[in-house]
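Trainee: Straight out of TrEMBL:
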type: BINDING; residues: B:27-31, B:92, B:126, B:177-181, B:208-213; note: ATP binding site
type: DOMAIN; residues: B:24-255; note: domain 'Phosphagen kinase C-terminal'
């Protein structure tokens, strides 16, 4: 993902602003974030990041409506529940379902270590599983298509191709 | 209340009944973790989140589809005394962790106690089925049916790639933990238990003693369970565990045969002494109880001891736990007092079998 301000450098900072209870988030590169003054980075600023500061930030927000207090972190943080990756490594538990996407990059090597694969192949829920069911069906049809082509069963292959097209269209 | 009445009411179906391979496999358990979409996991949940999940579950278990799968009752942890919660732990219906969740935790228990659902433990829901003997696949089918029925009313947190999302990534994917409780005195007496358990842990399964700390296990009871939850289907996970369990069963049976062939008198002496202690002791602690019960059960399985029901190990291993004892005697008991009451309860239980034999 590119920085939403300069559209040049990769976005490495996720900024979450809460103004009068309304939450907005955007992605910036480190340069733009610094220029915007959005970074409260303990390493850059040389200050120890502590809970008091976080708390005082929250307090100042409450006391001065209209003023936009900013919170940003270079450390990956889940945009939904606010858990940082460091916190996760300490407690070994994620804070919410969205953490899986928030920390996807770091999760992959972890899953390789503790699981046999990184893709679920088991049961799928009826309601929220419609998409994955279609994907699995597509996978199966594509494999069958390859086989049909290899065995020169072209009529069957044409049928399969049409089925795949139809499924692809419904999923769009 | 007489002991036999108390047993009728207090003993879960999994303790009372037998099942396939139940000379070695005491129980099969399937536990499935599920979370609801749009709520933080219990570790970050507020009081109102927790209440809402409890409320959603209350509605879900009252649905006609769930009613078809049995009679369920829901209780919040805070409605129960710590002692009552501990009794549920000792009956293996809830985890010690849930018993600690006084504020947010709740449990749903099916009438026959084969099914329990923990609410707001580490995950929002943990559906558990516990069956006597080796019945892993049946357990999974039971849990899956309940899962389907609940899903009609709840929206699960599910990811196209990672599957069912759980608080801890060691459960993600299928969310399934399948486990068996095995009684392996033959392997212990022939000294091959550690070699066997090391081999099991090398094929991606976890082994731990059921009672006792660390690697030590009182009563030769071990729990074997899957560790991997992502990348394999539930059926594959269950089948893998089952095939290892069958190998362990075979080794255990061979060990028992070898013991009978080579050390018959020594074995008869050991199990008979243990029976004598259980039948006549005036005070006994949990550790010794488990060890003697293990010997007696082995004696029953090998035909050395007759007239005692094989279910005695499962029954008494739960009944003689601290909370259960205090429940039976309706009051708090100090440790030494418990040892005295425990011995009395065991003597009484053995007399029940005796009177049936002579009836």
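Cβ from N, Cα, C; glycine included.
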Trainee: In this structure, which of the binding-site residues B:126, B:208 has the fewest other Cβ atoms within 10 Å of its Cβ?
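Mentor: Counting other Cβ atoms within 10 Å of each of the binding-site residues B:126, B:208 gives the minimum at B:208.
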Trainee: Indicate whether residue B:30 (ATP binding site) is helix, strand or coil by DSSP.
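Mentor: In three-state terms, residue B:30 (ATP binding site) counts as strand.
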Trainee: What mean pLDDT does the predicted model reach across the domain 'Phosphagen kinase C-terminal' (B:24-255)?
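Mentor: Here the predicted model's pLDDT, averaged over the domain 'Phosphagen kinase C-terminal' (B:24-255), is 94.
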Trainee: Name, in the order they occur in the sequence, the residues of the same chain whose CB lies under 8 A from the CB of residue B:30 (ATP binding site) and which sit 6 or more residues away.
Mentor: B:128, B:129, B:136, B:139, B:140, B:142, B:143, B:176, B:177, B:178, B:238
Trainee: Please report the three-state DSSP label of residue B:179 (ATP binding site).
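Mentor: Note: residue B:179 (ATP binding site) is in a strand by DSSP.
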